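> Per TrEMBL, the features are:
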DOMAIN    65-145  domain 'G-protein coupled receptors family 3 profile'
SIGNAL    1-23  signal peptide
TRANSMEM  47-76  transmembrane segment
TRANSMEM  88-110  transmembrane segment
TRANSMEM  122-142  transmembrane segment
TRANSMEM  154-175  transmembrane segment
TRANSMEM  195-217  transmembrane segment
TRANSMEM  229-251  transmembrane segment
TRANSMEM  266-284  transmembrane segment
Amino acid sequence: MTPCPLLLFLLLLPLCMVGSASTEEETPPRGCSPDLQRPFRVLCDLEAVWGVVLEAVAAGGVLAALLLCLVLLFRLRHITEAEKRSGVAPLLLLLAGLVGLFGLSFAFLIEHDEHLCVVRRALWGLLFALCFSCLLAQGVRLQRLARGKRSPGGIILAGLALGLTLVQGIIAAEWLLLTVARQGQAACQYLPLDFALACSYVVLLLLAALVTSACALCGGERPWRGCGLWLFLACLASVMLWAAWLGFYLYGNAALGHSPDWDEPALAVALVVQGWLLLLLHAIPEAHSCLRPPPPPSAPDYFDATEPPPRLRETSFYDDLPLQYMENQAFSFDEHSSALRSGVHRNGNLGIRSGPFRSNVYQPTEMAVVLNGGTVRMPRNGA
């Protein structure tokens, strides 16, 4: 009878060990609720502070992009200039892409599975292509405006950006079909070099946007050159960021010995930093330029003594008088000069007045004759 309790104890011991091990595994980290599932615990794990900080920064970027988008939509009817309205559509597309970038960073913070890896590989290049295509469309627009030409319409620029983005969508779809569907590889198993090569078209879009923004700086229109400067700074900062994260993702991570562990955090940081760079260096300055009211028409400064007014400089008083009056005026001056030489006063409208010229005789001026319709009532001699 004694071996029965001992046998029962030996049978229950492994179960107790498994139960205790599962209890230890299911213990949530500090800062997370026990009801939260395991893949999402990195979002609240206070022991891994970088995830919480990155999540807060990404959430702030989403709120800022949505707020700026709402402001543009509500103030769209107040934008009356065609040059400014043409930049609203690419800007709204860019803000939508920024919301996608900030949202995709959460996919690199949680634990991955097959479906999540497919989403990562499909949306990474697509969202970056959308943002950089909008930058390229804005560069084309600012280049024409800086040279004094007419900008393409907002619908045309938005269509250009969407068309360029569609190319990257086709590239990502072919990559997934060749590796996952045809070859049967796991969606989460891919080399960093393959991931970087899938973004080659995105890099070309970024370089094209950098070149067009640099060309916009060569124009003669100063206000549009200022917008082109902000666009150039955004593209230049993006190029530097991509050079940094590609170098770290391909070579630096392996050199430090953290290749599998730091791959996903590096990609998440690149997403958030890229989103804030485009938001601060391009989206906000471009929105401010579109929403700024047009300057009032400049009036001539009549109190400026350094330069005569344009009216006085270009024309004179006699330029506004009729040609017939000028001819009569010249004829009257000739008669008056001959009358002074001969001692007899002659008036072209009142006839010849004999006798010497006297200073107390009423002499109607030419302006009085014109104002009275050519007849002036002369006072009598006895008056």
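Backbone N, Cα and C define each Cβ position, glycine as well.
No curator has checked TrEMBL annotations; they are predicted automatically.
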> For the transmembrane segment (154-175), I need the partner stretch with the highest count of C-beta pairs below 8 angstroms, choosing only from 88-110, 122-142, 195-217, 266-284.
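Result: 122-142.
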> Please report, as numbers and ranges, the same-chain residues at least 6 past the borders of the transmembrane segment (229-251) whose CB is under 8 Å from any CB of it.
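Distant Cβ neighbours of the transmembrane segment (229-251) are 132, 135, 138-139, 142, 192-193, 195-196, 203, 206-207, 209-210, 213-214, 216-217, 263, 266-267, 269-270, 273-274, 277-278, 281-282, 285-286.
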> Per DSSP, how many helix, strand and coil residues does the domain 'G-protein coupled receptors family 3 profile' (65-145) have?
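Tallying H, G and I as helix, E and B as strand, the rest coil: 69 helix, 0 strand, 12 coil.
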